[in-house]
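According to TrEMBL, the protein has these features:
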type   : residues : note
DOMAIN : 36-127   : domain 'Ig-like'
DOMAIN : 135-222  : domain 'Ig-like'
DOMAIN : 240-325  : domain 'Ig-like'
DOMAIN : 332-387  : domain 'Ig-like'
DOMAIN : 393-482  : domain 'Ig-like'
DOMAIN : 485-576  : domain 'Ig-like'
DOMAIN : 583-681  : domain 'Fibronectin type-III'
DOMAIN : 686-783  : domain 'Fibronectin type-III'
DOMAIN : 788-884  : domain 'Fibronectin type-III'
REGION : 866-894  : region 'Disordered'
Amino acid sequence: VAENRTNQGEIFKALPDALKDSEPWSENLEEQSHGPVFEEQPSGLIYPEGLSEGKVTLSCQARASPAASYRWLVNGSDVALGLDLRYTLVAGSLVISSPESVRDTGSYQCLAINRCGTIISRAANLKFGYLHDFPPDSRSPQTAYEGMGSFVACQPPPHYPALSYRWLINEFPNFIKKDDGRWFVSQVTGNLYVARAEPNDTGSYFCFTTINMDISTKSTFSKANQLTVLPDANPRKSAPNIKVRFPAETYALAGHTTPLECFAYGNPVPKLRWRKVDGLMPSKAGASAEGPTLVLPELSFDDEGVYECEAYNSEGSDTYQGRISVQAQPEWLQVMSDSEVEISSELTQVTHAARLKISNLALEDSGMYQCVAENKHGTIYSTAELRVQVQAPDFRSNPVRKLIPAARGGQVMIECRPRAAPKPSLFWSRGTELLTNSSRFTVTSDGILWIHNISRADEGKYTCFAENYLGKANSTGHVSVRDATKITLAPSNADINQGENVTLQCHASHDPTMDLTFTWALNGVLLDVEDSGGPYHRKENIGDLLIVNTQLSQAGVYTCMAQTVVDSASASAKLVVRGPPGPPGGLLVKNVAETSVELRWSRGYDNHSPIGKYIIMGRSSLSSQWKKMRTDPVNIEGNAESARVMGLIPWMDYEFQIIASNILGSGEPSVPSQTIRTQQAAPTVAPSGLAGGGGDRNELIVTWTPMAREYQNGDSFGYILAFRRKDATLWTVARVPHVESSRYVYYNESLTPYSPFEVKIKAYNRRGEGPFSQIAVVHSAEEEPTVGPSNINATALTAFDVQVSWEPVQQLSANGILRGYEIRYWRQHEREAAADRVRTAGLETTARVSGLRPSTRYHVAVLAYNSAGTGPPSPRTTVTTRKPPPNRPPGNVSWRTDGSLVIMRWDHVKAMHNESAVLGYKVLYKHEGQNSLKVLDKGKSSVSLPLPKDNGYVVLEIRSWGDGGDGPAHEIIVSRDSGETLKKHAPELCVVCYNDKIYREWEKQLSELKFIDL
């Protein structure tokens, strides 16, 4: 153990006492007995403080024979099992009833004991969690300014373990959303941050804290934090300022998740992105690399390094860096193993750097042994059982083989391995003849008998004798001599192309009293010839091997082995498979320039066909797809080992791979090169999408499309904007220092409305400036129109619509481009400020206003508008909408068919005094998506319409119309079938009462009528 804590030392002092109660292993114990092995060990637990009625269970279970008994330690001392009724042992687990923080907090370990030895579990810490309430005191109100950043402190109450934080605004459950980029809740301090305050942020804020324990969750929230945001008519824009910073040095544990927090104030709201300064950002970071909290799950030592958070907006950027150092709890590289060792010998156990050596072993050394490794992050145990053996020789479990077949002319090995401790003396006899080492007989030091160059005369009984100071024993076997196995047709060398089939022959002779089997091996590795779907197939009754669709990996030395239970014979042949080249190796990237790099590689295996050429594939960080690269030389010959890749993008990450080919095809690509970044260069293209216009008075707004990553060519990227009044000669130049910027606002009180400016733009980076774009003309902000339309006229069309017309405004008075007109209308008793508005989409001088109230007097005014707003209103006019149409459809609607026609009748609609007069009727005819409208004068009360020629149906709608518009419709559906059925079963009349849906018919068989009611 590299380091020993005080309480750990106390625990191990208790172990010898436990061992005194255990019997050492001896020859009297049954074979199946073994020491304890943990199947379940206790784990740390956080229990809610004050929950006195509950129970805590610390699990412990060990596999042992005979079964284990258990003891428990807390902080190195025995748990008072049997003396304190709160402690109960269930199987091996410790149950604590009514746990109390003062009495039960501590480090618990379980001891499992049987006569073979004692083991101790890992430590499990029992701790008590708590979350107190927030103080009842009121919190001081805070003030923030529109456009500025601010924060509200949580000041959480005492607690254990760590809290999670959320914030409420005004009332539950109105939580601040995590995906709102303006807000950030630190899970370290609990504080609430806002990057840019807005007036509607004014309110009461509550810090909501939650603690998660193993068996329960508790939450509480603070008193209200009153935040008032003071409005600002012209909020000042500001570059980012990072306010939430992760530690400059973070020590994190391998395998755990590590979050890093970063948040900034700024206007506009800053965006955030992360990078690893000394390497590539781990892909496991995912989308968190573009947010305020970088999350690195399953931390590994590869994740160590310096991480940078960058906050940026159109006004600038701010950065902060910190280092992550990864540490880990101990982990076994080598563990102890169970050992059975004879008495008086020596034992050495090694676990990485720790070594245990026991010399001259005695019976009392038997037992359970544990190695403990620990650091400040944790403790681990490795456990093994030592059995010291003492026994007289015994062949019962491992006798000499009774029948030992042997091949004539070959050799045979006969083992003698009795169970004995200490190690016995061994010797052999044939009949009454004691065997000693000779040219044909060899007895090894560990008792193995070898018989060489076997003949028929060697048949007979052979006995092994074993003896130590505890006793002696012997065991006998019979040697039977058989004919030798021989290869009669050996496989021949073969040379084929990839994808072809080949057969390797193999025949053999053998002793007819025994079975013969064939096996094949490739380069010493046994082949599976039984898999019908595999490439290897063996022919029945003979040893021939068929290889189907041979691949390059199947080239090599094939060995056929013919074997019986007593001997074997083998023969080998070489198979050459020609195919496309293997992957080149050792790919290096050298001499990295702005648009080119040099690649060097070593030739791969040509697979028995000369390499004809190479091609270079590459991909950038912009795409995961590999594509062929432009090279110098254009065609790379097969004897080349270097080339230059041309046409690369400056300041771009690339990786490359090489593919070799020959007359048989292209091979596998090489392992990709390490990722490199080309050198920086000045931009070579200008930004696109140059435009602008709009904005507030005295502003010139210029917009463009931000440059994509492949056109930036370097860091410290930005834009240079040049503009001048169209009649001026000198250019005004402005620098916009961030790649995401797409807009520039120039303010000057002397700017006249809608003045034309010539503008051009170029990009710059650390290495220089690029070319200017083509000149575009952009106008300064427009001024609202200064005059209104004239000759306003409003005419009522229906009860719900009016037509408004006016004389247009001259374009010269619009101080910009006239976009259209706005019609404002309001009822006579309403204020103009509450007017409804309708805008035209162009320069039309008439507009229809719909959705009005019937019989209502309206005021109407018209205004011209452009991008700056609306001009002064025209003189107002008034209009009164017409009376509404009758709100009833025609009544007593009936219909009948007459050949190819349907005749529909109805009763006239009579208008009431507050309704507009009926001027006629409209009949809408619908059939298969086609509509036709027939307008009838008010004297009509019937109409004839065609029936469809097929068996389809028509939909008929009838309504009244007049000055107030159209009244409601009555709808019926008519089909040719229904007409025929009605004619057959009833008079030529069917009446539908619209309101109460009562149906009258002139036949009793109503169920036979094909009648459709809507």
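Every residue, even glycine, has its Cβ placed from backbone N, Cα and C.
Sequence-distant contacts of the region 'Disordered' (866-894) (same chain, six or more residues past either end, CB-CB distance under 8 Å): 693-694, 697, 753, 781-790, 792-802, 806, 809, 814-819, 822, 824, 828, 852-860, 904-912, 914-916, 918, 921, 958-970, 972, 989-994. In terms of DSSP secondary structure, the domain 'Fibronectin type-III' (686-783) contains 3 helix, 46 strand, 49 coil. 332-387 is the stretch from 36-127, 332-387, 583-681, 686-783 with the greatest number of Cβ pairs below 8 Å to the domain 'Ig-like' (393-482). The average pLDDT the prediction assigns to the domain 'Ig-like' (36-127) is 92. Residue counts for the domain 'Ig-like' (240-325) under DSSP, helix first, then strand, then coil, are 11 helix, 50 strand, 25 coil.
When DSSP labels each residue, the domain 'Ig-like' (393-482) comes out as 3 helix, 48 strand, 39 coil, counted as helix, strand and coil in that order.
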